[in-house]
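As given in TrEMBL:
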- 175-188: compositional bias 'Basic and acidic residues' (COMPBIAS)
- 208-223: compositional bias 'Basic and acidic residues' (COMPBIAS)
- 23-93: domain 'N-end aminoacyl transferase N-terminal' (DOMAIN)
- 284-422: domain 'N-end rule aminoacyl transferase C-terminal' (DOMAIN)
- 167-244: region 'Disordered' (REGION)
Amino acid sequence: MLKMAGNKSYTIVEYFGGDSGYRCGYCKNDEGNFSHGMWSHTMTVQDYQDLIDRGWRRSGKYVYKPKLNKTCCPQYTIRCHATQFQPSKSHKKVLKKISKFISKGEMPKDQDNGEPMDAVCDQEGPREPSKACHSEVKCAAITDIQKELPECPAITEGQKEVVDAAPAAPAVSETSRKDQVSVSDERTTATATKPGIGADPARPPCRKAKDLRKERRLQKDQIRQNADGVPSIVSPSPPTAAQTKPLEDFINESLPDNSSHCLEVRLVRANPPSPQFKASFDASYQVYKLYQMAIHKDPPDKPSESQFRRFLCDSPLEAEHSPDGPEEGYGSFHQQYWLDDRIVAVGVIDILPTCVSSVYLYYHPDFSSLSLGSYSALREIAFTRQLQKQSPKLCYYYLGFYIHSCPKMRYKGQYRPSDLVCPETYAWVPIEQCVPMLENSRYARFNQDPDAGDPRVLKDVGRALVLYRRAVMPYAAYSRKRKSSSDEAEVQQYGGLVGQDCIERILLYRT
């Protein structure tokens, strides 16, 4: 990651535009998928957080934003309020199915036909960066950068918390406690609660002081987020008429000591790869290969090791740590599901300043009847709740894209309370308000305030940072150097897509 004075890190991208149509992984339209794309050589977790809040998403190091008013299957960013989530009846059935399999060894006879996973983004457009950029990024000198950038743009509060205050990442030879976390041991026996008279039904349920403090912190974070220019249309609070059993209790159901199987979930850092990630790479790749052939019907030669590395292991996100962040740090990880000492599923996730973002899931096809898509999502929500106890603002679980026009992809709307981001104002809107609009039209502006606009709208493209010939400069200075340059329209388009604040932090590579 490129660093400057004050140990400040920079994101470096190459913007590709998005005029051509590509094959859609959902409806299989050969030229119906339209998206903007850029290659990210390196990216801070705060910059990626800001980008996904504007509808961007990564596949490996390629970051893309669907053209929702043009593409065949509009894809809207969806997030779940993890701390308020309560499992539905169907979710509880999945957890009981897993528990029954682990405790008794009974595999369900019916095949899971409910939840297809997102297709790996291998049809989104230009995938390779400029060779010149790669060499320049590696050898760019701090002195060269400072010559052309006398005054660095102000850093946002969120980035300052995550980047400037972050100590250097620990060496991979450290104890594996941070790199390999057992999220839950399925053999853990829960202590049974003794029966009693119960709560007075005429009085509201008691709430712990800790929960009340947490709720106040979340409200303050929401107010601060709105003050920073990110609007949010508040989701309705879930009913609190009666105490409900939390998700963790369902996951950690007490199991007998003589269980038929043992399930363990391990968190391993993918970038930079931890020793545990390297040691389990081959086993993980073999599961991915079987999954792609069985579930996505890929020919045997398509799910290659290079494809696996490119889309699911490589990441532009470097490891970052913050004093008020999660113990594991921020960045890209694989959450491995080990059943009796073998990998049966892997969830690819990013841990970001305010969320856990789901990237992809693959599993061994022999276990497809266990509804591992639903199960992994529930485990990732529980993991987000676990991290939120360490970092209060990390309270959302991003499920990627919600695609209402594709009925098989509507299952993500079942993890509630959840919001979709408005494609025009980037306000978060409760999904209950969005679905009726999507029933009438594939593309919809969710924010119903006619006067609302993008709070981070592009105002001055001249302030966009550019990396040119190993030097960083504002776009205004770059355009003066390149008098014959005709890329202003492209840079304007890029700036409108990432927002004014981001163009003043992200380095756009130009030749």
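Residue positions begin at 1 at the first shown residue.
Placement of Cβ uses the backbone N, Cα and C atoms for every residue, glycine included.
Summarised by DSSP class, the composition of the domain 'N-end aminoacyl transferase N-terminal' (23-93) is 16 helix, 24 strand, 31 coil. Across the domain 'N-end rule aminoacyl transferase C-terminal' (284-422), the DSSP tally of helix, strand and coil residues reads 54 helix, 42 strand, 43 coil. Per-residue pLDDT, averaged across the domain 'N-end rule aminoacyl transferase C-terminal' (284-422), gives 97.
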